[in-house]
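All remarks here apply to the structure that follows.
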Amino acid sequence: MEGHRNDDVSNKPTKVYSDDQLVVEIPETAHQISSDSWFQVGFVLTTGINSAYVLGYSGAVMVPLGWVGGVVGLILATAISLYANALIAQLHEFGGKRHIRYRDLAGFIYGPKAYSLTWILQYVNLFMINVGYVILAGQALKATYVLFRDDNTMKLPYFIAIAGFACGLFAICIPHLSALRIWLGFSTFFSLVYIVISFALSLRDGIRAPPRDYGIPGSNINKVFTTIGASASLVFAFNTGMLPEIQATVKQPVVGNMMKALYFQFTVGVLPLYAVAFMGYWAYGNESSAYLLNSVSGPVWVKAFANISAFLQTVIALHIFASPMYEYLDTKYGIKGSALAVKNLSFRVMVRGGYLVVTTLLAAALPFIGDFMSLTGAISTFPLTFILANHMYLVAKRNKLTSWQKLWHWLNVIFFGFMSVAAAVAALRLIAVDSKNYSIFADI
């Protein structure tokens, strides 16, 4: 691990006391660490899970799984994700070092090769999430436009380009994750707007509608693949493949405060997600769309308000999942001091702007949001959040675990390894099907 540390951290670490009053080294970073309360960090986590992605879970999760599979699946995914994230949180100060990056923790436990592999997995994960966010933001803008002018003049790729530009401006203005502060309040407000509106309008439509069909659509073979894909979407909903980076911002004691934030996320934080996913499916059955606000009926201004709120919240949420990339580049090139300094500002314009140009271009070219959710869950969320979490904990605590505890963690590693492979196959099949149905830069 020592051979690559100079790439992104200084050789002058600071030292603090851990939860157990042991001295812990903290690697240097260009971004702020140990500055946020557990409550603020809890809102960072809930901003991620209650982003505009929740408007797709009725169609992406409930329709392929049905009532029993969808409800049980979401509850199980919540419990399993809390458990896996708690394992990672407890390793934050393992071995006398504070691991403020996911790759640092993996590299410390396994060595340089695991460091590099984890880095690749994490950035693929975060990049694909950000692509999905830009698609979502573009869809929200297009849905708003269609409410007032359904003339087919403006296509989805145009709105995706506008969304990418807005995300770029926000990334330039907000230097690091801790600087979100007041924006987390705005994010919560925007989330409540589109969740409450979609919930209320779905409830009204459901009361007025005739009996719905809740049968799982498709042939038997299609049901198998869509069920596996929906399972990947389930874990994607609670994706925190950047937990060490978020935990780096929390005040001491970092493990205790992070656990408070996780309990907040997986109790109060998941209720809006449950509400909108279940209500959307109840109201529209297996006709639920991939973007719930396209299904609801109601006053134009109300739907427009919800769509604009979804767009604005997505801009904020994307910044959270892009922050590990920003932190790496800022640290590597010594971007410190005033955010308004000419050097720092121009660096953010060029580097973050360039990153979001590439992200936006891919989002406009392949706007299949359900596919991104499934593939991201398969190739990176499963390995990072479940396989690595259990195995790293097993390796780090092997001398303190009983035989039954070791067996339990090995069963988790094997099960989620199998699920990762199966979900990847299902997601690639879905992409192949959609590639036949839609051309590049499709207006969907």
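Just so it is clear, glycine is given a Cβ too, placed from its N, Cα and C backbone atoms.
The following features are taken from TrEMBL:
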- 36-428: domain 'Amino acid transporter transmembrane' (DOMAIN)
- 67-93: transmembrane segment (TRANSMEM)
- 114-136: transmembrane segment (TRANSMEM)
- 156-175: transmembrane segment (TRANSMEM)
- 182-201: transmembrane segment (TRANSMEM)
- 221-241: transmembrane segment (TRANSMEM)
- 262-284: transmembrane segment (TRANSMEM)
- 304-329: transmembrane segment (TRANSMEM)
- 349-369: transmembrane segment (TRANSMEM)
- 375-395: transmembrane segment (TRANSMEM)
- 407-432: transmembrane segment (TRANSMEM)
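Pairs of Cβ atoms less than 8 Å apart link the transmembrane segment (375-395) most often to 114-136, out of 114-136, 182-201, 262-284, 349-369.
The transmembrane segment (67-93) makes contact with the transmembrane segment (221-241): 3 or more of their CB pairs lie within 8 A, with pairs spaced 6 or more apart in sequence. Here the transmembrane segment (182-201) does not lie next to the transmembrane segment (407-432) in space: the count of CB pairs under 8 Å, restricted to residues six or more apart, is fewer than 3.
Highest Cβ contact count with the transmembrane segment (262-284) among the listed stretches 114-136, 221-241, 304-329, 349-369, 407-432 falls to 221-241 (criterion: pairs under 8 Å).
Annotation: stretch 304-329 has the most Cβ pairs under 8 Å to the transmembrane segment (114-136), among 221-241, 304-329, 349-369, 407-432. When Cβ-Cβ distances under 8 Å to the transmembrane segment (221-241) are tallied for each of 304-329, 349-369, 407-432, the top count falls to 407-432.
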